[in-house]
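First up is the structure itself, then whatever we jot down about it.
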Amino acid sequence: MSARAFGEPHGSTAFARTMIITLFLLFMIVPIIATGLFSFSIRWDRTLWPEGFTTQWWSKVMAKTAFRTTLMNSLTVSSATVFLSLTLVAPTAYWVHTKLPRAKPVMEILAIIPFGFPAVVLALGLIRFYGALPIPFVNSPVLLICAYVTITLPFMYRPVMNALETLDTRILTEASGSLGASERQTFLFVILPNIRSGIVNGSLLVFSAAFVEFALANLLVGTRFKTFPMYLVEFTRFDGRQASALALISFACAWVISLGILSTSGRNRRQLFRKRRASVATC
């Protein structure tokens, strides 16, 4: 039989697919390469290629105290967002999955709702609500963390719920209870270790989303608590080469987080495959 009978792609179709993929990769990679070259260039505005290379822009960026301060602010806020989001979402997802499975569609809708609010609307709503309270939340990192938890809720909820749905939580809970464990002990020492992959993926997604967020930080805290994205935007106004260096640093952080997600997902799939193969072998 011919190759076409087996569903193999025609020569022209395969060439078209290759061209589309190549163009897409070039569209994604060329701006990153150009940003990297610009961050090392001495001058790049009169010729097609940079007029020499230097590392002085990177040295200037690294030497600034504001760089270290804003980077630490973003790392602190992002880590706090991950901790608070995990503390709220993991027990809630477990409770809904085991006690109220009919409420899952409602939780899915509630988790998606934050995507429907622009950052300006969400920021104004938070300022008006918390501004009426006697507690000084407005213009503080605490309010920014709460806002980040709100907008990153889907990134934590969905991976955790996916991990829970792959487990037989009823059998695990009953087995743990038969050994004298309380519900809290079952959740902490039985359920959480078994949904570790979902927790890691959700935490990485939440961290990356909070780390690069600019609009809410600019509206809620402004210059009182500068984050790394705010510092990057400031540099774009007066020095594009140092801003390019900062952009590459931000991209490197996102790349490392993406590799962590892919590594965790791949390891989880391999473990699931081994479990299924072992169960088939015992049958």
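For all residues, glycine too, the Cβ spot is worked out from N, Cα and C.
Noted in TrEMBL for the protein shown:
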DOMAIN    71-261  domain 'ABC transmembrane type-1'
TRANSMEM  20-42  transmembrane segment
TRANSMEM  77-97  transmembrane segment
TRANSMEM  109-131  transmembrane segment
TRANSMEM  137-157  transmembrane segment
TRANSMEM  204-225  transmembrane segment
TRANSMEM  245-266  transmembrane segment
* Structure fact -> Given 20-42, 77-97, 109-131, 137-157, the one sharing the most C-beta pairs under 8 Å with the transmembrane segment (204-225) is 137-157
* Asked: In the same chain, which residue numbers or ranges, 6 or more beyond the ends of the transmembrane segment (20-42), come under 8 angstroms Cβ to Cβ?
  -> 50-55, 57-58, 240-242, 244-245, 247-248, 251
